[in-house]
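Novice: Before I ask anything, let me first share the structure, which is written out below as structure tokens.
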Amino acid sequence: MENFNMPRSTTFYALGLSYKKADAVIRGKFSLDAQAQSDLLLQAKAEGIESLVVTSTCNRTEIYGFAHHPYELIKLLCENSNGSIEEFQQAAYIYKNEEAVSHMFRVGTGLDSQILGDFEIISQIKTAFNNSKQEGLVNTFLDRLVNTVIQASKKVKTETKISSGATSVSFASVQYIIRNVADIGSKNILLFGTGKIGRNTCENLVKHTKNSHITLINRTKNKAELLAGKLNVIVKDYADLKQELHQADVLVVATGAQNPTIDKASLALQKPLLILDLSIPRNVDANVEEIPGVTLIHLDALSQITDDTLERRKQHIPAAEAIIDDMKLELNTWVNGRKCAPTIHALKSKLNDIVSAEFAFQKKKITHFDDAQMDLISSRIIQKLTNHFASHLKNENTSVDQSIEFIEKIFQIGQLAPNKTSSPIADKYKINLS
């Protein structure tokens, strides 16, 4: 039987920082770009971490993985980001075992998103999962857990209305612009950066402002051109950024840089400028606010905008939580099955030994003993008996550990079953980690 090969003291953890306790500056320090995530995985592998997934978005940076102590994972995060242990302690959270599993379900189904019902995080989890899998850092439990969370996310999205209505960071950005800039249709709008949020914001700008003066600039021009071709907006070279800044009425910054790309020195303004910084880490230096007429709005302020759509979404939280409970029960059933399998296998072997011994005894006493018929009958009886035991062990109301101990004592099969390893995850999820 496949096993996890887990050390005795290994625990499953979910730890990180999110918008709930960490502001944009702190989240920026712990933000991990693609290279940093790759480096973290390689370091984890070198340090003997068997299974781990790392995600980093504008709203959260998290690690899900197995370790002897959470510090092993915290160390990985701090050594591959610009954050310190002290900063982590002040703003982070650490969950273990059952709580860690529950946290991943809430994150993956949009219940823990900064904007309720925003499912963008599940695509990040999928990408992170695939990256870890390529490095051989996904064990059987984490594989099953992530796939169950993905299924739960799909069910919540399709079977509830928790994501109904237009509510996202990009939508909130455009609504803020419309509410705060008069005659928006005639203003010059500059979008700097065409990542996921940048693309979505551009689409919303075109759709809701009816503005024909939207300009895109990206360090890699062909990415901007691909987006511009779909939306019929203007593309300019990165070299033209300073000139375009001079002409802009509204600037939306959505680059993926690790340091500010816009600062006071970049701007030589002769009219008011509204700047929306949708980046983590922040890509607009706070010193731009020293310039008269400049208004700087950051991602977190936009995410706090609530409206009727969000209130309607909240009504569907109970339905989403019911789906999560069902999927967690399904996961737990699978885990129970993995734990009881060695005992069931040993029980079947013990019953076969009893039958074989009885056959050998009876063949000496019974003339014309029919081996084939007795093999068929005994096999069917043994299968039915083991099925009954397996069904009992997999029942959600069964105390699996006590039942396994009872079966092993009655049939004296403790030595036949593989040695079981105790660990917190085994205790919580009744899973065999031998």
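A Cβ is built for glycine as well, from the same backbone N, Cα and C atoms used for every other residue.
Per Swiss-Prot, the feature substrate binding site maps to Thr57, Cys58, Asn59, Arg60, Ser113, Asp118, Phe119, Glu120, Gln124. Residues or ranges marked as active site, nucleophile by Swiss-Prot: Cys58. Residues annotated as site 'Important for activity' in Swiss-Prot, with sequence analysis given as evidence: His103. Summarising the annotation, Swiss-Prot assigns NADP(+) binding site to Gly193, Thr194, Gly195, Lys196, Ile197, Gly198 and lists sequence analysis as the type of evidence.
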Novice: In whole Å, note down how far the CA of the residue listed as 'active site, nucleophile' lies from the CA of Gln124 (substrate binding site).
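Specialist: Pair distance, Cα basis, whole Å: 11 Å.
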Novice: Rounded to a whole number, how many Å is the Cα of Lys196 (NADP(+) binding site) away from the Cα of Phe119 (substrate binding site)?
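Specialist: Lys196 (NADP(+) binding site) to Phe119 (substrate binding site), Cα-Cα distance: 13 Å.
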Novice: Hey, how far is Ile197 (NADP(+) binding site) from Cys58 (active site, nucleophile), Cα to Cα, in Å?
Specialist: 10
Novice: Any idea what DSSP makes of Gly193 (NADP(+) binding site), helix, strand or coil?
Specialist: coil
Novice: For Gly195 (NADP(+) binding site), list the number of other Cβ atoms lying within 10 Å of its Cβ atom.
Specialist: 16
Novice: At the level of the C-alpha atoms, what whole-angstrom distance separates His103 (site 'Important for activity') and Phe119 (substrate binding site)?
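Specialist: Given the Cα positions, His103 (site 'Important for activity') is 15 Å from Phe119 (substrate binding site).
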Novice: For the binding-site residues listed here (Thr57, Gln124), which one has the lowest count of neighbouring CB atoms within 10 Å of its own CB?
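Specialist: Fewest other Cβ atoms within 10 Å, among the binding-site residues Thr57, Gln124, is found for Gln124.
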Novice: Would you measure the largest Cα separation among Thr57, Cys58, Asn59, Arg60, Ser113, Asp118, Phe119, Glu120, Gln124 for the substrate site and round it to whole Å?
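Specialist: If we measure all Cα pairs in Thr57, Cys58, Asn59, Arg60, Ser113, Asp118, Phe119, Glu120, Gln124, the largest is 14 Å.
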Novice: What does the structure give for the C-alpha distance between Gly195 (NADP(+) binding site) and Thr57 (substrate binding site)? Integer Å is fine.
Specialist: 12
Novice: Roughly how many Å lie between the Cα atoms of Thr194 (NADP(+) binding site) and the residue listed as 'active site, nucleophile', rounded to a whole value?
Specialist: 15
Novice: Would you list the other residues of this chain near NADP(+) - those whose C-beta lies within 8 angstroms of the C-beta centroid of Gly193, Thr194, Gly195, Lys196, Ile197, Gly198 - in sequence order?
Specialist: Arg199, Asn200, Thr201, Ala254, Thr255, Gly256, Leu278
Novice: Are there residues of the same chain, six or more positions away from Phe119 (substrate binding site), whose CB falls under 8 angstroms from its CB, and which are they?
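Specialist: Set apart from Phe119 (substrate binding site) by at least 6 residues yet with Cβ under 8 Å, we have Thr109, Gly110, Ser113, Ser153, Lys157, Ser163.
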